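The structure appears right after this line, and notes come after that.
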Amino acid sequence: MAEPSKRKRLSGGVHPASQSSSPGTAGLLLDSQRNGEGSAARFVEGSILRITMKNFLTYDYSVVHPGPNLNMIVGANGTGKSSIVCAICLGLAGKTAVLCRGDKVGLYVKRGCKKGFIEIELYKRGGNVVINREIHVENNQSIWMLNGRHSSQKAVEEEVKSLHIQVSNLCQFLPQEKVGEFAKMSKIELLEATEKSVGPPAMYEYHCELKNFRNKERELESVVKEKADFLQKARQRNERNKLDVNRYYEKKRHLDLIELLEKKKPWVEYETVRKRLEDVKKEREEAKQQLSSLRQTQAPMLKKIQAIENQLKPIDAQIKAKTVSIKEAAQRCKQKQEQLDRKHKEIDDIKQTLTLKQMEEEDHRKRISNTKRIIDDLKAELANVGDQPDVTPQIDAINAELRSIQVERGKIDGEKADLRREGDNLSAQARALEKKLIDMNNMMKVKEEKLRSRHRDTHSALEWFRQNRELFTGNVHEPMMLVINVKNHGFAKYVENHIPFNDLRAFVFQRKDDMEKFMEEVRDKLNLKVNSIAAPEESCSRRAPSRHIESLRRFGFFSYLREMFDAPDEVMSYLCHQYRVHDVPVGNEQTKAMIKTVIEEPYIKILYTAEERYSVKRSLYSRNISTSNSAVHPSQYLTIAVDVDQKRQLEQERENCKVRLQEIDQQMKALQQRTVQLDRRENDLRKEKKHLSELRGKKRQLEQKISTKQDSLRQMEQGGVDLQKIREETNQKISAVNSQKVAIVSEFKSQMKLRAKLSIEKVYLALETVGLTAEKTKLENDCREGAVELKTLDQRCARLEQLKNQLTETCKSLIKRAREICKMGPGEALSEELQTALSRLPDTLDELDAMLNEEQSRADCFTGLSESVVEEYNRREQEIKNLEKELDDKSNALNAYRQNISEAKERWLNPLKQLVDQINEKFSDFFRSMQCAGEVDLHYENEEEYDKYGIRIRVKFHSSTQMHELTAHHQSGGERSVSTMLYLMALQELNRCPFRVVDEINQGMDPINERRVFDIVVRTACKKTTSQYFFITPKLLQNLQYAEEMTILCVHNGAYMLPPNQWDEQAFIRQHLRRKARA
């Protein structure tokens, strides 16, 4: 970056006609090109008349006035030549991607300025075009003006396009960063660029139209072929189905006949049943007459039998009543019998109760006897216990020992509780440490996954290293991106932008022999592409910065890069040694605001602001300062931080917890064993105490037992039962029950008498019924023969009546079914056509069934056929007709397209071949003049594939070699530059674009080729028929040949440059002439 006092400007320097041209002539030519009307007439429409730059890249303010032909822009590297190229591109609405310098337009504004300005004046008949672009840094936005009026970028692009300016076309605009890409262009891309650059206005449109036509032709050909194939297949399928259709129609004829037969069959059935019905009716009437005469003959006997039946009916009713009364009397007798049974059981229960009382009294006496015997035994035992010694002192000693055991157990329980509490705390702490370690390992896995996705070989080498770590003597660290841990996520982007990715994925070794062994294994044997680094032998990780950070805080710096992250000593040592992370300060927005002051500070070579990285360089000669800056890209790998020291500390704490838990477990086991011992001793003492207590309390217990037994004996003696009294009460209860039994037996006898009386009366009635029944039977036997005949006739009449009803219903159902089958409405008669068809068929059921079976058998022979076959056949016939019509339409459309393609091909290909021939002629001439060979031809593999056409450049720089196609790999850089330059010069005379820009294309050429190319450029670009040409170069060979039509623009850069308003080129020329005259 320049100092505040220094100014930069671009000067329209000398403009010589040749090496021997006179000074006066040069001055006149300069003036005429700047101000004369004749000069404007030589400009091609769209040529650049003026370029004004303000606060743009290296310029504070400068105006450039190019000439109408060749413009040589000469200046040392870094003076601002390419800035003019950037101004042309951006001023004419070009994209920043064309320049390959920065993706934001705000980066092209001079450092420290909020906005920049570009103005370009283009020559146009009827009035020049002035385009203004004001670029704002803050939002990367631009304000456009067209001829002094505010405009949009779209309108500017349209105006530029109307003047045939194409800054995105490498054949017209070739910036320094794109020189190498020209040779990388494919033949197809080169053809399109050439068409846009030098072809007639409609040529590229014709080419695009041809490609679209060809694509449409392919689609139509595919459609026509598809429809033709489908049509052929449809025809084949219909031919196969035709036989099935014929068989279907034959089957349908049989089915139609079957339908007629089925229609006639119910009519024939109806007629047959109707005739049968008439016969039944006639037979029924005859049976009714016979039945009537027979009934008149048997009427007297029937009347007598009826009278007897009338007498039998009341007698049967009386018998039924007597039967009911007998049943009721029997029921009452049964109830009385049940009452007697219950009274017998009640007497048995009273006797059972008495027996139980007697048994209880006997048991009571036995208990009294046993109690007396127990009391005597206890008194005898009490007499024996009187002489036992006193055991109280022994019991007191046992109690004292038990108390001491309880105290010791309390202490042990306290210790166990403390150990258990400590164990729980350690377990919780171990779980928390384990969780933290798992989280850290998961974070490391995420970092390793990022490494694997970005560079799989390094990840494979990492897995090999972890399996073979023991092969190495010194410290070996995994790739830096895994061991570097930033202290804050926001710091990751600075560290990642400062350390290249190739180093971030590198393994770091303490010893070089370990590194060589590692590379031999993974690179040579495993064929993995990995990076490795040997740390400096003397550690640099603690190297002090040039200045303390406190002295830089006034500029907004808050830390050096080294303090933003942690890393192993060898890694930090390498980074301090290689990238000086200990001496790179990081600042904030305040630093960016004070950047002009900051870069003046000594010892600062690289610094970071909040979002940018600055590199500061100081000239060893003039001590001038130049800076470059770039945006700080977001971090991709280091945002996930894992503190290795913290992880190691956590692992150590986890191991300490495990050791302490094991110690606690051992102590708990020892305390548990002591508790078991105390429990055994306590049990023994308690048993001994129990025995002594029993000896001391046995006499008192015996006395209490004797007293208790005596009280129990008194109570038992007082609780005796009076058996005599209980026997008297029992006898009284039995007497009362016997009295009740006598009453019940009396009632039972009366009911039995009533039952016997009713039974006798029933017998008398039964005898009377038998007499009447015998008389009736005799009468019935007398007229039995007539009754059988009468019954037979009656059954026959009923049967015939039933048959008549059935036949009537059958006739109704048959006539209804026949009308339904013939689809006849109410009151509708058979049609004459149907009657005629039915009259031709048989009139008997047997013949109809035989014919129906025959036709059905024939129809069944046609299997696998359905109406869908015919429908499918007819539908496909219609589809075939539609397809034939569509195929004709598509074939006609295809022929029309082919005619259009043929016409468009003639409009495009013939002019294109002529154009390529012209380019080839010029290109070949240029190469022959350089004693080399070159040719340009139109290349295609298939004449009909218009999207595969391309321009092929073939060159030969040595007589001993064959001609080869120009590629990015076959020729050297200088040869590619020569070929590119000569191809552009071959386009120059054919060019319909108003100007061409070529930036530093002569870099890499040898002096002989550079001189030859320069002569060709001067000779070609200075012709009156050619357009404006900008040739940018940092150097020129000596003794070059110049033309009067050239304009040489010298770009100067220095601390003592004059302001633009003090630059007087005429005064310099006069001064030069005076010095020359004095000499």
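Cβ coordinates are placed from backbone N, Cα and C, and glycine is handled just like the others.
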| field | Candidate ranges 454-481, 510-537, 790-817 [criterion: TrEMBL lists as coiled coil] | value | 790-817
| Stated TrEMBL location of region 'Disordered', expressed as one of 1-31, 342-372, 652-682, 683-713 | 1-31
| message | Quick check: do the coiled coil (326-388) and the coiled coil (866-907) share at least 3 Cβ pairs under 8 Å, counting only pairs 6+ apart in sequence? | response | no
| query | In the same chain, who gets a Cβ under 8 Å from the coiled coil (866-907) while lying at least 6 residues past its ends? | reply | 202, 206, 209-210, 213-214, 216-217, 220-221, 223-224, 227-228, 230-231, 234-235, 237-238, 241-242, 244-245, 248-249, 946
| In the predicted model, what is the mean pLDDT computed over the coiled coil (866-907)? | 73
